[in-house]
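Trainee: Mind having a look at this structure? Questions to follow.
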């Protein structure tokens, strides 16, 4: 098939939005790309729970590591370093992963992430001392950081616009699946010698599987087109679209403002802060990533056993089992999000999600505040009141997951994969992912300290207040991008930045 790759006029761009009726399961090739790229999300989720298990919140991996390495038994700095090094690596990997994505492509970035993750897992599994273990944790973190940037972008750039949100959300489903699998592994091997080596080493398997699969998959078609590999890009697009839709997609690519940058094919981080439309897009994307963490999701995932125990369930095994159920609910809620995100839209889904998050956090807070008031339960000598409030807290926890997972779970990743121009998609996505990891670290390091200062109930009220701020932020600064092509999203930001002068301003900005 011959495609006219010349720049179409404005009428061509308007006419290039034809019928868009592809459904989620209509193209197996796109699903295969999504599934393979989503393994990076699985690694992300698995490592998230590794951080929690290593933190010693329950009798997990760190207990066995302390027994095996006496040098760290009374060395809290080494213990904290083992826990935090993967997060440090993830922040560095996300920050550098954006540039790697733009410079070398999504495919090579994924292969690099897999190599680092697999190598780090093997190093941890075979570690003969704490410092080798720390090195392995750093390598795994670097791999997770790069993967957290790459997978959503790779999926988004191969996805038809009408199902892009759902496909990118599949990566979030893989994250929650990785969390569930990690809890399952720990529950199954809690009493087995060498548990921590199995738990940390088995993560190399999905990384190796993804590496092999990616060798047979193509580069992102949009990245290829941007790098002037138009024939290769069209060859990939032909496997995704029929002939009529293919012509429309290529016309949109040709009209994209990415051509503003093709003269020297360079972009810099400073450009993000010089361009008003890029600043607005990055502010919205980074804000979503920060609020995803500060509204408490990883507090729940890291510390759900502790929350359950605070609610009156003192058995470690029962706490871990209930945490496994929480992880399963998180995955199930993400499936609901996949169904809704391209029907209800990103913005509406996020606002609904945050509304429910506020209500559930208030319920959690009240349960703990009432439980801590001994006068209210003084008459219940048999502990009936405490038990009721304990289950009330668990119900609040379940309600939180039910509202968070379909909305604020997938929406930040979906939005960040589609709101930036091609030349800056990797860099901006990497910076936003870095914000997510930094926020993750802040929450993980401060939650229990704040609980110690003001109590569990007040802590959850604080998080509820942050969720209210998140609602206001989304209402004011996050536009709806459901069903829009990348080019239409770009134009949306120009109009937000410059009003009706958006088209003229983009031309002036491109002028020397």
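Heads up, the Cβ atoms here are built off N, Cα and C, so glycines get one too.
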Trainee: For the transmembrane segment entry in TrEMBL, name the matching range from 195-217, 218-240.
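Mentor: That would be 195-217, the stretch labelled transmembrane segment in TrEMBL.
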Trainee: What range among 256-278, 348-370 does TrEMBL describe as transmembrane segment?
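Mentor: Spelled out, TrEMBL records transmembrane segment over residues 348-370, not the other listed ranges.
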Trainee: Under TrEMBL, the annotation transmembrane segment belongs to which of these stretches: 29-46, 47-64?
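Mentor: Of 29-46, 47-64, TrEMBL gives transmembrane segment for 29-46.
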Trainee: Which one of these stretches, 29-46, 112-132, 348-370, 435-454, has the most C-beta pairs shorter than 8 Å to the transmembrane segment (168-189)?
Mentor: 29-46
Trainee: Does the transmembrane segment (280-303) reach the transmembrane segment (112-132) with at least 3 CB pairs under 8 A, where each pair is 6 or more residues apart?
Mentor: no
Trainee: Are there residues at least 6 beyond the ends of the transmembrane segment (29-46) whose Cβ is under 8 Å from a Cβ of it, and what are they?
Mentor: 110, 113-114, 117, 143-144, 147-148, 150-151, 154-155, 158-160, 167, 170-182, 203, 206-207, 209-210, 213-214, 217, 239-240
